[in-house]
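**Q** Would you mind keeping the following structure in view while I ask a few things?
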Amino acid sequence: MLRFLNQCSHGRGAWLLMAFTALALELTALWFQHVMLLKPCVLCIYERCALFGVLGAALIGAIAPKTPLRYVAMVIWLYSAFRGVQLTYEHTMLQLYPSPFATCDFMARFPEWLPLDKWVPQVFVASGDCAERQWEFLGLEMPQWLLGIFIAYLIVAVLVVISQPFKAKKRDLFGR
C-alpha cells in the first residue's frame, strides 16, 4: 500500500482528485451559505480557510508532482488537515456542550497583510453563532462531518509522507 501511495504522490491524478474534493466541499459551503441561507460562524470561516489550505496544497502538488515541490505540498497538506481537525473538534465541542463562558469570536481575525474578510466578504465574513445548530444530516452536525473529512485528509497525508522512502515497483509486462 505504501508503494502505491508513493506512486500516486508522483502523479497528477491523486493531487487533482484531492483538489477536486476540497473544491467540491468549498462550493458546498458556499451553497449552504448563499442558497440555504445558513450563517457561517467564525470557526466555520476558519475551517473554510483550512480547506482552502488543502486545496492549495493539492494544486501545488499537481503542478510539479515529480519535483521537490511535492514535499512543500505535503507539508501544507499536513498542516492544513491538522488545523482543520483542531478547529472542527473545537467547533464540535462548542455545539455538543454549549456554555455561556465558551464562545467563539464575533468576527474572524485575519492578519493585517491578508484581510480576507475585506477582500472577499461573500466568502469570509462570519455572521453566525458557533454554538447554534443549523444543519444536520444522518444525526451529525456540519462540524462533525468536517471533523471526519479532515481526519481522513490527515490520515492519508501521514500515510503519503510515510510512503515517500518506499519506491514503486517496476512492473515489466513480459517479466524480462
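Here the Cβ of each residue, glycine as well, is placed from N, Cα and C on the backbone.
Here the structure is a predicted model, which means the values were calculated and not measured.
Copied straight from Swiss-Prot:
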type	residues	note
DISULFID	C41-C44	disulfide bond
DISULFID	C104-C130	disulfide bond
TOPO_DOM	1-14	topological domain 'Cytoplasmic'
TOPO_DOM	32-49	topological domain 'Periplasmic'
TOPO_DOM	66-71	topological domain 'Cytoplasmic'
TOPO_DOM	90-144	topological domain 'Periplasmic'
TOPO_DOM	164-176	topological domain 'Cytoplasmic'
TRANSMEM	15-31	transmembrane segment
TRANSMEM	50-65	transmembrane segment
TRANSMEM	72-89	transmembrane segment
TRANSMEM	145-163	transmembrane segment
**Q** Quick one: find which recorded stretch in 15-31, 72-89, 145-163 has the most Cβ pairs under 8 Å with the transmembrane segment (50-65).
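**A** The stretch with the most contacts is 72-89.
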**Q** Do any residues, 6 or more residues outside the transmembrane segment (72-89), come within under 8 Å Cβ-to-Cβ of it, and if so which ones?
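**A** Result: 9, 15, 18, 43, 46-47, 50-54, 56-58, 60-61, 143-144, 146-147, 149-151, 153-154, 157-158, 160-161.
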**Q** With a 10 Å radius around each C-beta, find which of these disulfide-bonded residues (C41, C44, C104) has the fewest other C-beta atoms nearby.
**A** C104
**Q** When DSSP is mapped onto helix/strand/coil, what comes out for C44 (disulfide bond)?
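**A** Its secondary structure by DSSP: helix.
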**Q** Over the topological domain 'Cytoplasmic' (164-176), what does the predicted model average in pLDDT?
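**A** Here the mean pLDDT over the topological domain 'Cytoplasmic' (164-176) amounts to 62.
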**Q** Using a Cβ cut-off under 8 Å, which residues of the same chain at least 6 positions beyond either end of the topological domain 'Cytoplasmic' (66-71) come close to it?
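**A** Same-chain residues near the topological domain 'Cytoplasmic' (66-71) but 6 or more away: 9-10, 60.
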**Q** Rounded to the nearest Å, what's the C-alpha distance separating C104 (disulfide bond) and C44 (disulfide bond)? Just drop the number here, would you?
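**A** Between the Cα atoms of C104 (disulfide bond) and C44 (disulfide bond), the distance comes to 10 Å.
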